[in-house]
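Peer 1: Dumping the structure here so I can ask a few things about it.
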Amino acid sequence: SRPGAAMAASPGALRRAGNEEFRRGQYGPAAALYTRALALLEASGEAAAEERSVLLANRAACHLKDGACRLCVADCSGALELVPFGIKPLLRRAAAYEALESYRLAYVDYKTVLQVDCTVQAAHDGVNRMTKALLEKDGVNWRQKLPPIPTVPVSAQTRWSVPSAAAPGANTPPATAPRGEPGENVPWGPAWSPVAQTNQTAAGTERARTLKEEGNELVKKGNHKKAVEKYSQSLQLSQECATYTNRALCYLTLKQYKEAAQDCTEALRLDPKNVKALYRRAQALKELKDYKSSIADIKSLLKTEPKNTAALRLLQELNRA
């Protein structure tokens, strides 16, 4: 490309390039492109609140994937200041709070999403997980310790339910991201009826299970590369903890340690005490020479299973490393 072409790129072009990087799993480069797009918008003094909100929410998705949860929270909060009650930034911030074990704040965000659109399965699941975690942490009176849950105005509720076949070129709300934008796997669609969604979800879950089983068969045959493809297809339909830990095992075998660690992080977001995810992430982090984090994972695992021999053996190796 001609010199300076990248410098002269428009915010829209930079955002699309960022989406492309995100799709390929290049979260750092994607975040950098979104940052440049934001800088351009701010420099030109454009008050494009909606576009800036989308860019912040997209960059937040990159931070979430990379485990930079505090940065994710900051970007989501910025996006929500620009366009209040956006589903994507609320869901991402909730996930980041959950990873940071700020369960009360996560609960509030998940509940807020359900006020905007009560069919968002990810928010229902989040509320269930947070309720369980808060019961354990704060006992039966856990609700009394919650921060206030904002009331979503009716205008915000209807804004998201406008059928997507609006006038061409109409400003699509940030929640209805075009394909390939971060978070397209959030199970939410603008003009779905709950019934249609239930049918679609049931069919998707069934297909996801079949793909996962095909992946398991390929692992037994030692074909880890092909198994990764099956697990990836399965995860696009249904995000299951076991599918992430299975794919992580394949990545470990293929010496793709960074990907293995990322998959385990995703699994732990769904099930914070998952023994397989903790063990496999510890293995990956050991190979990445992040011994401190690896030891922390093994210690978390041993709280759940103090007699886990594989984990005790790995801890011995790590203490020698």
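Here the Cβ of each residue, glycine as well, is placed from N, Cα and C on the backbone.
Found this in TrEMBL, in case it helps:
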REGION    164-183  region 'Disordered'
COMPBIAS  164-178  compositional bias 'Low complexity'
REPEAT    241-274  repeat 'TPR'
Peer 1: Which whole-number mean pLDDT does the model give the repeat 'TPR' (241-274)?
Peer 2: 92
Peer 1: Going by DSSP, how much of the repeat 'TPR' (241-274) is helix, how much is strand and how much is coil, in residues?
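Peer 2: Secondary-structure breakdown of the repeat 'TPR' (241-274): 27 helix, 0 strand, 7 coil.
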